[in-house]
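Here it is, the structure, as structure tokens.
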Amino acid sequence: DKVFAAFLGTRASFHSSSQEMIKDELFENISNNLFNINNNCNGKPIMFSTTTSNEIKEYSNQLLFDNIRNPVYFEQTLDNINNYIVENNNNISNSIIFIEIAPHPTLSRSIKDYYDRSENKNIKIYNPLNKKTSQTEDQLFKQTISNLYINGYNIDFSCQFNQDQKMDQSYKHKCQYLFPHYQWDDQIYLKESERMHKFRIEGPPVTCLGNLVYENQKSKSYKSIINISREPFQYLKGHYAAGKNYFPGCGYIDNIIKALSQSDNLVISQLNFSIPFILKPNVDFELQSNFTQTSKNEYKVDFNFYENGKWNNSACALVHLSPAFKNQKIDFQSIKSKCNLSTVLESDLYNLITHKADLTYTDHFARVEELYIGNDCSLSKIAMKPRISKSCDNDYFFNPAILDSCLHGLFPLIKNPLKIIFDRISDMKIHTENIKKLNIGDIDYIYAYSSNPNFDKVNNRASFTFNVMLEDGTLLFEIQQAVCASLTPIKDISAKNPQENLYTLFWQPKEAIIKNILLDPVAEPETIDQTHYKQFCTMLFYNQIRKKSPSTLTKSMIMDSSIEQLIDRYLVDPKVKSKYSKLFRLAFEVLQQTPDYMIDDTNESFNEKLEQLITIVSQDLNCCELIKKSTRVMAAMLFPNDNIEYEDTQQYLFQDGGIHHVYDNPQITEIVEWV
């Protein structure tokens, strides 16, 4: 009776003879010391075996094996447990905890049903093993032990540590914040994040770049907390525009230089400014600079500031790591000689900037001591001292104030008052290799050369070129194009046409007879006979196509075929046909018009006729060499091959300014328009 069989959802057939094969291995791998328990200790757990239904009095390897080999007695075990509880009622509390140690919960439901029928309702059941959970056995056992501790059982947690681990007190720092403190305890437990720990160890950021907060193989991120009312960022108050403190655009350049200072040379291909970063007194602003490596020598950089509960992208850049630049020095004396028209002192310059651009530079941002002005160029003398901070500005040559001062030389080159803002820069070369060699304390002045002002009235943009150097001409950085956007329209400064001083208007009555101006004698334009030019071009072009084209394209083939037939037969490349079919048609029409001059250069009469034509053509216009070059290029375009030379390319026509002679002389343009 009361015997039944069931399939267990396990990989092994427990409680059957199949376990006999592992008996020896089990006994070899388990020591009897595992079961050494102090039976005299208070609160010793009561153990029952389901294979005997009785209380376990003594532990051994044999007992463990019997529990996986022999059949189980569920009901008898539950009855015996209940009898034990009844007999020892005085020694057992009303709260009873059952711990079922089995591969999977088996008796839990039976225990719950059994005691639901009894008077004792305060029953808790824990299962430290469960095959359906993702937790490990170790985690489940520790969780069960923790539940026992929570329910008032005295747990010796130290037994899981060796002596060295017991002496290690670092765990207190790691987990003290998890436990609440008493009201009379003056110690405050706070969870310190990794970011705050880094902030506490490294200190607050002292540059606009800030501290490194994140880094992996392909990216890194810096964060700075900027408050212009406190050091070391009070100097940013000196950059004032339209009544507000704007974060300087050169501050982003400074962040790039500092973050990539280990590289020899940098090229900022593009730096675009999107949303202005406006600073306010007594307000902490977070500025984050994110560098993402997109290739071996390329970085994408994003700058974001935090305001009104969200991150705003203020600027983005594309930066390349470059090998050594070829031009490391510049002729300083030559530049200074160009800027010899006038000299502007510091006070006059910054008054001019305030008046023209509504920008106010003070303190550390007003570093230009003298400005030398030339024709569409200027040279600024910029003071490197004092530094923006005695304690925080000694590691890097540049800072935002110095970089910004390098651009102040552009303002005298602006003719009209303009409210301008920094829009973008392109192709900025930073000679970090030269900068690393300098001792900051030894340099008192640097020089910035501003040139090539260009004003775009349509888009309201003004662009300039900058070269920043030492007095010996050593280049520090170059900006190919610094673009400023104007908030007001850019207008030309030009004097009104003085009509009254040049001529006088005499009005005729409506009835007056007006002479037809078309009947007036007009000087006839000078014309040139094109016959000799066609003959000259025919001789040259025919011999060029003989070298480039298939051998079947002979004089007889050209004369006996129509242009369409020649195109279909010899312009076989679809790309060449789509691009140059019109050129082919014009060229071969000229050849068919002058068949007598399709002479092979191996013919004895070739050189004689060619010299005669050169003499005639040269008397009118000096373009023989250009026609020789053009016919060779035309032949290479119509009949391309793999063995192309520089003389076969269109760039060859621009060498030594030859092609410009054509555009400057309309008569030549008319003659060689088909070339």
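The chain as shown is numbered from 1 upward.
Any Cβ shown, glycine's included, is placed from N, Cα and C.
What TrEMBL records for this protein is below:
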- His239: active site, proton acceptor (ACT_SITE)
- Asp404: active site, proton donor (ACT_SITE)
- 206-493: domain 'PKS/mFAS DH' (DOMAIN)
- 206-326: region 'N-terminal hotdog fold' (REGION)
- 340-493: region 'C-terminal hotdog fold' (REGION)
Using DSSP and collapsing to three states, where does Asp404 (active site, proton donor) fall: helix, strand or coil?
helix
If I take the alpha carbons of His239 (active site, proton acceptor) and the residue listed as 'active site, proton donor', what is the distance between them in whole Å?
9
In the structure shown, which of the active-site residues His239, Asp404 has the fewest other Cβ atoms within 10 Å?
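Each of the active-site residues His239, Asp404 was scored; lowest Cβ tally within 10 Å is Asp404.
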Averaged over the domain 'PKS/mFAS DH' (206-493), what pLDDT does the prediction give?
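Average per-residue pLDDT within the domain 'PKS/mFAS DH' (206-493): 92.
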In the region 'N-terminal hotdog fold' (206-326), how many residues does DSSP assign to helix, to strand and to coil?
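Result for the region 'N-terminal hotdog fold' (206-326), in helix, strand, coil order: 15 helix, 64 strand, 42 coil.
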